[in-house]
Number of protein chains: 4
Amino acid sequence: MSFNSFGHLFRVMTWGESHGPALGATVDGCPPGVPLSEADIQPWMDARKPGQNRFTTQRREADAVEILSGVYEGRTTGTPIQLMIRNTDQRSKDYGEIAKTFRPGHADITYWQKYGIRDPRGGGRSSARETAARVAAGGVARQVLAALAPGLSVTGYMVQMGPRLIDRARFDWDAIAANPFWCPDAETAQLWADDLDALRKTGNSVGAVVEVVARGVPAGLGAPIYAKLDSELASAMMSINAVKGVEIGAGMASAALTGVENADEIRMGPNGPEYGSNHAGGVLGGISTGQDVVVRFAVKPTSSILTPRQSVTIDGQDTDVATKGRHDPCVGIRAVPVGEAMMACVLLDQLLLHRAQMGEGLRGSIG
Amino acid sequence: MSFNSFGHLFRVMTWGESHGPALGATVDGCPPGVPLSEADIQPWMDARKPGQNRFTTQRREADAVEILSGVYEGRTTGTPIQLMIRNTDQRSKDYGEIAKTFRPGHADITYWQKYGIRDPRGGGRSSARETAARVAAGGVARQVLAALAPGLSVTGYMVQMGPRLIDRARFDWDAIAANPFWCPDAETAQLWADDLDALRKTGNSVGAVVEVVARGVPAGLGAPIYAKLDSELASAMMSINAVKGVEIGAGMASAALTGVENADEIRMGPNGPEYGSNHAGGVLGGISTGQDVVVRFAVKPTSSILTPRQSVTIDGQDTDVATKGRHDPCVGIRAVPVGEAMMACVLLDQLLLHRAQMGEGLRGSIG
Amino acid sequence: MSFNSFGHLFRVMTWGESHGPALGATVDGCPPGVPLSEADIQPWMDARKPGQNRFTTQRREADAVEILSGVYEGRTTGTPIQLMIRNTDQRSKDYGEIAKTFRPGHADITYWQKYGIRDPRGGGRSSARETAARVAAGGVARQVLAALAPGLSVTGYMVQMGPRLIDRARFDWDAIAANPFWCPDAETAQLWADDLDALRKTGNSVGAVVEVVARGVPAGLGAPIYAKLDSELASAMMSINAVKGVEIGAGMASAALTGVENADEIRMGPNGPEYGSNHAGGVLGGISTGQDVVVRFAVKPTSSILTPRQSVTIDGQDTDVATKGRHDPCVGIRAVPVGEAMMACVLLDQLLLHRAQMGEGLRGSIG
Amino acid sequence: MSFNSFGHLFRVMTWGESHGPALGATVDGCPPGVPLSEADIQPWMDARKPGQNRFTTQRREADAVEILSGVYEGRTTGTPIQLMIRNTDQRSKDYGEIAKTFRPGHADITYWQKYGIRDPRGGGRSSARETAARVAAGGVARQVLAALAPGLSVTGYMVQMGPRLIDRARFDWDAIAANPFWCPDAETAQLWADDLDALRKTGNSVGAVVEVVARGVPAGLGAPIYAKLDSELASAMMSINAVKGVEIGAGMASAALTGVENADEIRMGPNGPEYGSNHAGGVLGGISTGQDVVVRFAVKPTSSILTPRQSVTIDGQDTDVATKGRHDPCVGIRAVPVGEAMMACVLLDQLLLHRAQMGEGLRGSIG
């Protein structure tokens, strides 16, 4: 049990607050001998970094990772890796007022009720800033995956912002990094830009759906009941700030399907079984099939908005709350690299679990 | 780490196969002094039991729970509770053929690939029969919750079968137990009966959405990052066989909302904060608000269907598979008591975790 | 966290009381494909079984293991293995009196204080009978070790009973199974027999020291800090009823040594490093060296004795307690197979952990 | 599972190497609202700090703790506490030679064999310097214990150095802090000083026995089987570098006792049961009795000694190794504050576990 960790064998504990001196991740269980330096992690940090365009918060953080332990002469040693990110742009201001009211839809109130103490500076621990530490840990996971499962890749993108969905017919992997929304459909990206500009002007925010796909995942990862691959992914994605729903493959839509429609039919291909469809999202009975692992999650709209909403104070007085400051109008955008990081961490963890119980490779062959 | 357990302090390990001599759950961490007998658990077992009407599998199991340990003179002792359910209707037949082919959409193939061995009798461990053990454990959790959080109740029901949703305007708590679908809308229940009769005749199956609501959950349960209440619920529900998506509160639909719409506004009531809506599903920042905790999950259609689907054999030959035998045309129906059981287990576990870190009650008061 | 489990990947949860219908162990994480039947486990059960000679309790239990799950056609499937042992000789008697007093040196009083309820029938969960379940789990571990680490063997024996130690000059592996004390020194075994006969007549009991040696343990098992091999072994052995001390290699005596004396010098042999001595007990820095892993533990004298001792009742009255009934005069004897079982479980667990992080084999070669 | 953590609910993960930029501990699960500042922790750090007298290594470290997270306005928030200690006196030198040989009795060789990579600078992760992080975490545990169990105190001291034991008749609590050996017997402390001066001159080192006593521990802490208080303490103490044996109460000597001698007789006192002796070391059946909890552990002599010992190189060549540099002639001395820290962490963890399952206080009263 750990309140702030995830993973079983590749285990990540994140720590730190939005406005403290630093935050980070302590990574335990990393295999030794894997090439790792700050430069390997930084690109993923930069992808999540705020203030890069007008669609994300204007807080300016270098988000520079420092590796304090667990690496010697450019390789992991198998001992804990401490990843520290200093906070540099935590503006000093008077939090006296904020500390006494609760933003509707924000963790302010539950933190207070649970702990009887909260760090109001930028939301403290409940800030989306915590996800920087996850992205750093995900960077380590990616390095290890590159060594252990060379063909495996993890890619995230946004498929919905507000009520507007992408057109899957225009899906283009190359478009994803070419717009500020990680959108695989360039045309929709342009419409989202217009949508979001309009929303920002009214002091409002909007939700989104992020999809993360892992290609090249070997069959056999997962376990029958509670360490199921899909169960682990659901837990991982739902642990990201503001996520309210998680789907694997056909997801919620599978409820409307019949068994005949939902069956991913199989035919023997040159390299083993091939599937005619992927309603399963690459997971059957909690175990990977070798198809793409497909996860989607919904990110609710940012609760810190300029439009006043009804709320109460710590003293039990009714009040109206409008949140000034630097906030993401669509926090879903920056959740894309975070979802990727969680996918990478879960897959690596499952790979190690599989290797523990089974040894290298699969046990059962087909054909 | 445990491949077949869930929970941190109230910890449940399930064991057993569909066609072995017995299956069950080992429950660790139960508080002592709680009244418990087989009779307290059996009603929940009966709710999940197959063969009670024409809409579920015709396998006939008494699903009688035996308490083998952890109870003395009608009260829990604080030591492990072994709950055993004997299998009584595992028909002997020739599994030679089944053991050599894989049902599309079924765990047959991934179990084989991972383990290199599988128990083909009724799906072995991947059978929905495993959920009987969860319901037994959930029965224990309910008894403890009754002692520790007297006002707390957990109720599940189906809100969608195939493409047909209930009409929330007709929602009636009393209707739920009065039809074979746990449907809170009697009118829709009748339509589902017709839908399912038609499907069964064509050898097909269908998916469903189950909603589980916990009322009377105290504020403060959960934790900021990975032991988040919603993350735990997502993991728990996704671990149920055939579940492909999990939502909290507004769920996937929250993506289409603006911050203004999504904010659950607060006003001071006579007994503390009152919320004007519940898009959050009772969870903010991973911690319960005191509102109803609302979880929904999609159950895919049963993969064992009479209609032949393309597949392969263990020897790598293309084949067509049609599954005869006693299968649920809509396994979502029997997932309702299972979802309730998982909710009860998660809430109790969180209650114990909260009590560990905070002592009794909440730390922060409002007003 | 689990109050009644041990192990990380090869995970054992024991359950059941001395006088309930049954007790057992739920084993999770077992690799698949390993040959396993009741017959593989029973010999270890028989070694621990009471009533085999006049030096152990006269309770007569068949201690027959039933495998309820996790094995199909004689091989493990990789899913949980339920091992059940029915209690057959739990004599009915009036426990009213016993339930109201506390035996000095027994868990009676702490169970009562902690839980506010206790099962007085034969000590309930605190009975040495719980160790039967560990031996069953150890039998599974041995089968897996035979497959994964063929040269590995685990042997336990008694090296001290009361004040009398064995003479290491007379150490004979073959003597161990040839006397009722698992004593590697036949001459001392005879003296112990006389000692124990005398003690039994006076209604007294005596302590013992058990040593467990694992030969053929590969180098590299363990971890630097808290999953240290020695730390895990200490925890495992100290968890056995009545154990009050645990030593690795030179153990407590290493305090009296100098660094010069304690250094296990190394020379290169034909198959790698060879050690001139084994003060380390096969563990350096928490990781196995490839030498014999040597653990010793002290078992206190049975607290249930005929000689009256001062105590109190549940109502706070002073009283004198003399325990009639069937008790082991030296419970250390039956702790030998239990210590072996714990060693087997720990080593297998560590082997799986090593394989998870490192893959197969060692990473660093010498020479 | 975590290779570098300990504790279940009060959970500590240590990280960092002897010669990296920093090391530290990430503490999860700390109750909120507890007063905590660097100044509360520093005194315990200073007690362990090297270079304070001629009997410990001459490395000079400020061992200044920085709290990077989890504390707001002088109180814990209930979120992870990051404790960082910068390394300041890691002398640069050529490790080329050292990296190629193995010190007999040191983790050099097993780290190499396991990981295939090791940080030779000062032993890297296997350095006793890692224990600084534990002492910092222990400082946090002490603050929480002061709040939750006000009468509880933890005190460690040395009872043996080399073959020389203290005289218990001269035991004086006030003497402990008055000599460089944490020796409760001033006369023996003087003899140890002479002993150690002589040993240092010959380039040798020596072992020791440390005893840690916790007074004011409430009855009821612990659990029946694997989360036994004594099992947890054994694991915690054995995880300290160089520890080879752990005893509770009478420890290994209990083997020589009879049941009559070993029984800690009970009489009713004004505030509950009172015990006539404490062979049990305050633990019965894995659960605290309310008596002093008494743990002892043996620390082997430092393996880094000036006297040459036979060893091998990484290339498989025989060689002789003499370790120059700044090493503790008796590392047992500095293990005293470490043992205290581990005791504090374990007791707090158990307190939280007890509170989780039982609520506040004991369940069963006597009298």
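The first residue you see is number 1, and the count goes up from there.
Note: Cβ is positioned from N, Cα and C throughout, glycine not excepted.
Just so you know, TrEMBL annotations are computer predictions that nobody has curated.
What TrEMBL annotates here:
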- B:R48, B:R54: NADP(+) binding site (BINDING)
- B:R125, B:S126, B:S127, B:N241, B:A242, B:G285, B:K300, B:P301, B:T302, B:S303, B:S304, B:R326: FMN binding site (BINDING)
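DSSP assigns B:T302 (FMN binding site) to coil, not to a helix or a strand. Taking all protein chains in view, 12 other C-beta atoms sit within 10 angstroms of the C-beta of B:R54 (NADP(+) binding site).
When the C-beta distance to chain A is held to under 8 angstroms, the binding-site residues B:R48, B:R54, B:R125, B:S127 reduce to B:R125, listed in sequence order. Other Cβ atoms within 10 Å of the Cβ of B:R125 (FMN binding site) number 30 in total over all chains. For the binding-site residues B:S127, B:T302, B:S304, the largest tally of other C-beta atoms within 10 A is found at B:T302. Listed binding-site residues: B:R48, B:S127, B:A242. Those with a CB under 8 Å from a CB in chain C: none. Secondary structure at B:R125 (FMN binding site), taken from DSSP and collapsed to helix, strand or coil, is helix. Cβ neighbour density within 10 Å is lowest for B:R48 among the binding-site residues B:R48, B:K300.
The 10 Å shell around the Cβ of B:A242 (FMN binding site) contains 24 further Cβ atoms across the protein chains shown.
Rounded to the nearest whole angstrom, the C-alpha distance between B:A242 (FMN binding site) and B:R54 (NADP(+) binding site) is 21.
A separation of roughly 17 Å, to the nearest angstrom, links the Cα atoms of B:S304 (FMN binding site) and B:R54 (NADP(+) binding site). Annotation note: B:R54 (NADP(+) binding site) sits in a coil segment as assigned by DSSP.
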